[in-house]
Amino acid sequence: MFLTLDDFELEGKTVALRVDINSPIDVNTGDILDDTRIKACSDTIKSLSEKGAKVVILAHQSRPGKKDFTTLEAHAKKLSEVLNMEVTHVDGLICASAREAILAMDNGEIILLENVRLLAEEVLSDWKSWEEITPEKQAKTVMIKKLHPFFDYFVNDAFAAAHRAQPSLVGFSYYVPMLCGRVMEKELFTLTKVLKNPERPCVFALGGAKADDSIEVLKNVLEKQTADQVLTSGVVANIFLVAKGYKIGPNENVIADMGYTNQIEIAKELISKYGDKIVVPIDAALNVDGERVEKELDLNEEITYPIHDMGEKTMKLYEEILKDAKTVVANGPAGVFENKNFLKGTEELLKSTANSKGFSVIGGGHLSAAAEVVGLAGKMDHISTGGGACIEFLAGKKLPVIEMLSKSYEKHKL
């Protein structure tokens, strides 16, 4: 259970709002190239403003050392355009001028403080051992100590960063109630429903290059009997093909180069345990000197070219399985979709997902980008705003932000 914007009277209250508006930026002009995440959090910002709250937005852009690590001035302008409301950029984060700007706010006013990653403590957190990074420890960081006295509530709407434990994401919860924003609320409701109470048949389609993450999801959803079947593609499929005894030549070297050799043994165990619930391609599209050449997969014949997509017979097989599914969760592209010669598998997978009889969920990251490219994003029931956060949630992992939201509910529930 989590606290939401509707649980408290927010008029006249100063609310810190953490969002994820990390966006692609033209490094030459500073222009924002894709405002998807900015649009996603607009409902939360507007709701808070209309409730009469003084809205202080905290956000990050890229990280130190990257070419797109910059101020949030362009983000404030874009937010103003999207909201049709003035969003004032404050050229500071914890300095006196930033604190004075907060004190001078009127009800309903919106300001955006500077990039939180300008503070070293925000990028030095040990994300891998987050359970040791308690709110108490993060509450002792400079940013939290400087800013928390100005806030009555902390709203977290940064689902895309929910698997992180930086001060700006969890530190304020030690001092004030931590609430879900609209994006966070929708993500948690949708993904929890998919994991705990899906309509059946429930089919997961897992692909992409981050095979270890996808295999963790596969294991979790089969172990907990969430999924009735899992369709594999991309590097994930190649690992399961090797586990089944297929000889895929240079593609095995790719698996090794990516550090996924250990995943083959895991795949063998999963095949032994779940059998036909794990579906692998029956043909593949090979990259033969830049051309697409389709070939059926045969246990007795070695593949000698890179596999860059699933073949048409696999597309048909997956379409047949997906058309009657009542819940479909897809994460990761089916192949090298950036190359138009190998886009077809991903496009057909997305079409089959959109045309299924049930509720469709697309994980964030590359597959959501592909859905935009082929014009199918609008046909999905839910496209997650979080790539890594979404897949870790589906894998059954504890996410720092979600844990803190749950603890805040227990501490402050009405």
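Glycine residues also receive a Cβ, built from the backbone N, Cα and C atoms like all the rest.
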Site-mate of ASP20, ILE21, ASN22, ARG37, HIS60, GLN61, SER62, ARG63, ARG117 for substrate in Swiss-Prot, selected among ARG99, ARG164: ARG164
Additional site residue, GLU338, GLU348 [criterion: listed by Swiss-Prot with GLY364, GLY365, HIS366, LEU367 for ATP]: GLU338
Where SER62 (substrate binding site) sits in the secondary structure, as DSSP reduces it to three classes: coil
Cα proximity to GLY365 (ATP binding site), best match among binding-site residues ASN22, SER62, ARG117: ASN22
Residue pair HIS60 (substrate binding site), GLY364 (ATP binding site) - Cα distance, angstrom, rounded: 18
Binding-site residues (ASP20, GLU338), the one with most neighbouring Cβ atoms at 10 Å: ASP20
